[in-house]
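Chemist: Next up is a structure, given as structure tokens.
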């Protein structure tokens, strides 16, 4: 005869809760997900939103643990990602992963024809000079270095083409076309497509910030002064009020940091002699001969 041990109902409320490092909420273990590589644990909802955001924005292909202080610097495996996102998001993740593999593979390159987008194989990987590459899909023959139509006996142009329009090959690239929907990053030359939004662009590959219209660097232009003058004036794509609010926030951050430094400077001046005195005493104690 088997007996079942009775468990009081009030014991159910004493089940341990686990804290999520993302939302700081406490949840039962059943609502948590553990990353296999580093054993960090988060609530399933937060981890799912984190993974979906990175994939939708195309920020990362190797999705790292959300904990910045993770001792093992773990990453989510593909099967873990597949269990928590929808099929279309997983398809986008695999596409981004493949694009990154081709980008860093010296044996492969993309066909520059905007209507093709096939992956082409380089014949001689060890060859340092430009070589002809023929796309097996559209049969276009192009240069492995500048991606223009193959030019035997001629060097590559000094200025690499940076924009092109849909339906055109790299031989018909536009150099100063403001309305071109696809351009190259001025720094790493990766193709970037802009559907809509503001003209301040950031390359997802090298994190370089630049103006979409003139390709000038915006890495140090925190206040977006570039759009107050010149040919790109008022082309940012945001209202004047939002630009003023952005500048107010940036100035506030710098002013707050300066104020903090100003308040802390007297304490630093007072503490400096004390620190120097302690160091002198320590060095003097090390130099004293040992008693015999």
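Including glycine, each Cβ sits where the backbone N, Cα and C put it.
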Chemist: Between the candidate ranges 250-270, 271-291, where does Swiss-Prot place the transmembrane segment annotation?
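Modeler: In Swiss-Prot, residues 250-270 carry the label transmembrane segment.
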Chemist: Where residue 203 (Zn(2+) 4 binding site) and residue 23 (Zn(2+) 1 binding site) are concerned, what is their Cα separation in Å, rounded?
Modeler: 29
Chemist: Using C-alpha atoms only, work out the spacing between residue 46 (Zn(2+) 1 binding site) and residue 214 (Zn(2+) 5 binding site) and round it to an integer in Å.
Modeler: 39
Chemist: Between 23, 203, 232, which of the binding-site residues has the fewest other CB atoms within 10 angstroms in the structure shown?
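Modeler: Counting other Cβ atoms within 10 Å of each of the binding-site residues 23, 203, 232 gives the minimum at 23.
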Chemist: To the nearest whole angstrom, state the Cα distance for the pair residue 146 (Zn(2+) 3 binding site) and residue 43 (Zn(2+) 1 binding site).
Modeler: 48
